[in-house]
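J.: Pulled these from TrEMBL:
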BINDING   CYS40, CYS231, HIS256, GLU260  Zn(2+) binding site
BINDING   LYS290  ATP binding site
DOMAIN    372-437  domain 'Cysteinyl-tRNA synthetase class Ia DALR'
MOTIF     42-52  motif ''HIGH' region'
MOTIF     287-291  motif ''KMSKS' region'
Amino acid sequence: MIPRPESREPDPNIFLYDTLQRQKVRFTPTTPGRVGMYLCGPTVYSDAHLGHAKKEVAFDVIRRAFLHLGYQVRYVGNITDVGHLQNDADEGEDKIAKRAALEQLEPMEVADKYFWSFVRDMEALNILKPSINPRATGHITEQIRLIEELIERGHAYESQGSVYFDVRSWPEYGKLSGRKLDEQEEGTREVVREEKRDPRDFALWKRAEAGHIMRWESPWGVGFPGWHIECSAMSLKYLGEGFDIHGGGLDLQFPHHEAEIAQSEAAGHAFARYWMHNNMLTIGGEKMSKSKGNFTTIAELLEKHDPMVVRFLLVGSHYRSVTEFSEEAFESARNGYRRLTETLHEVGRRLQGAPAGATEALDARVQAHTHAFEDALRDDFNTPKAVAALFGLTGDVNAALASGPVGQDTLNRVQEAYMALGGGVLGLFHASASERQDDTQVVDTLMELVLKARQHYRLSKQYAQADELRDTLARVGVTVEDTKDGVRWKR
Ligand SMILES: Nc1ncnc2c1ncn2[C@@H]1O[C@H](COP(=O)(O)OP(=O)(O)OP(=O)(O)O)[C@@H](O)[C@H]1O
Ligand SMILES: [Zn+2]
């Protein structure tokens, strides 16, 4: 966990884009100084892919930004382990149950297997653990209670052992997505229509047919919850009435989030006050998705790429913009990330032996870039602008380091700025960076030895050997320069 800066008052000037109001609005928390966030998590029936990473990183950065700007955050990220059918229109097999049959596992084994795989991927990507990670199957009672409230209030009805939300009883249905009546019906087929009063009605509870293995007792017979109801039940349980922020992918706006709002409000609960949606990670212009099969899992990616480069790639585009996945995008992320870490490491090296005191001109630049970075966060968590501020800082630091000695206090402040902004907020300097730090120490020591040997050859006029050392280093990308201040190297 990154600690909340103790000294900082909660920032009152954060603006975020609220999907419901369709504009950027000032964020005001329900409870001063605290933010409650709920994020629709994965359906755990297969390994997570880069699209999931885009969403998780987006909301992780938003959470970290709130922490940085003086708030305490309760972050609830749910795990869907029941009720998510293959078709959004209440049809098809349960995704988990289908996978269980395929892998010859218990449904809960499937859920656990992919839950832990998800946790491993998220850890590798330096995503902070949710404060609460509730699962749908652990909250059947809460879901049944909410459905009962809806029936009591006349907004839901039972039909042949299933319970549906009565869309006609709730005129606000459609307010989030702005979908017209006919568009709300998309994909609904005749079989289910017969049970429904209106084709737009959605399942709150489904009767379990013989052979359906995920089943629970309910007032309406044996069945299982519909997909949408879990998120209403769990967000309200852990974040309370009128909680602050509900997040998820743009593709969940309809029907999932539309249904969440309708069923929560119709049951008499004040629901999320701000709705935030991340745009999609695409491949060849199409959404990366499990069901389309056009995905690359996070685990596969991490065999080839540093997780921090993956993260850098994702924060390089705004959460509301599309990110197109390509090898070229990785290449440029790798180069960009290297530029940051090289400077950070150089600052570490220069700290030893730096003159005491400050270098005021650079101090002023550090402050200016820090302000620019924070302004970018306040403007709907604009990470590309924040990254640009880090590059601005990097440029100024490089220029200062090249032009002469920099005071120790200033170097410390530069390091702190990198760690707080690039590390704390963007989450870019994780274990892989510290591993590289260890690696850097080993490389530094080895280089010192090699350069001493080279110096020895030169002093004893064995120039061929000295040059051979230099050329060998050049072949692995290390250049050695003889300057008036002594020998310097870089890679
Ligand atoms: N390509 C993507 N880019 C950004 N977010 C995504 C992407 N794919 C899924 N998500 C988000 O991840 C969350 C969980 O998605 P889900 O488990 O439905 O994945 P999926 O690959 O879309 O699966 P399916 O194709 O079976 O619907 C949702 O909030 C969804 O918006
Ligand atoms: Zn949800």
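Including glycine, each Cβ sits where the backbone N, Cα and C put it.
What's the neighbourhood like for these features in this structure?
T.: Around CYS40 (Zn(2+) binding site), a 10 Å sphere centred on its CB holds 22 further CB atoms from the protein chains shown.
Under DSSP, LYS290 (ATP binding site) is assigned to coil, being neither helix nor strand in the three-state scheme.
Counting residues 6+ beyond its ends, the motif ''HIGH' region' (42-52) has Cβ neighbours under 8 Å at 79-81, 84, 95-96, 98-99, 110-115, 117-118, 121-122, 249, 280-281, 287-290, 295-299, 301, 310, 325 in the same chain.
Mean model confidence of the motif ''KMSKS' region' (287-291) amounts to 89 (pLDDT, 0 to 100 scale).
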J.: Under 6 Å from ligand 2 by Cβ, which binding-site residues from CYS40, CYS231, LYS290?
T.: CYS40, CYS231
J.: Any idea which of the binding-site residues HIS256, LYS290 has the thinnest Cβ neighbourhood at 10 Å?
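T.: Checked HIS256, LYS290; of these binding-site residues, fewest Cβ neighbours within 10 Å: LYS290.
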J.: Relative to the Cβ position of CYS231 (Zn(2+) binding site), how many further Cβ atoms are located within 10 Å?
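T.: CYS231 (Zn(2+) binding site): 29 neighbouring Cβ atoms within 10 Å.
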J.: An 8 Å radius from the center of the CYS40, CYS231, HIS256, GLU260 Cβ atoms defines the neighbourhood of the Zn(2+) site; name the other residues of that chain inside it, in order.
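T.: So the additional residues around the site are TRP227, HIS228, GLU230, SER232, HIS246, GLY248, LEU252, HIS257, ALA259.
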J.: Among CYS40, CYS231, HIS256, GLU260, the binding-site residues in the record, which have a C-beta under 6 A from ligand 1?
T.: CYS40
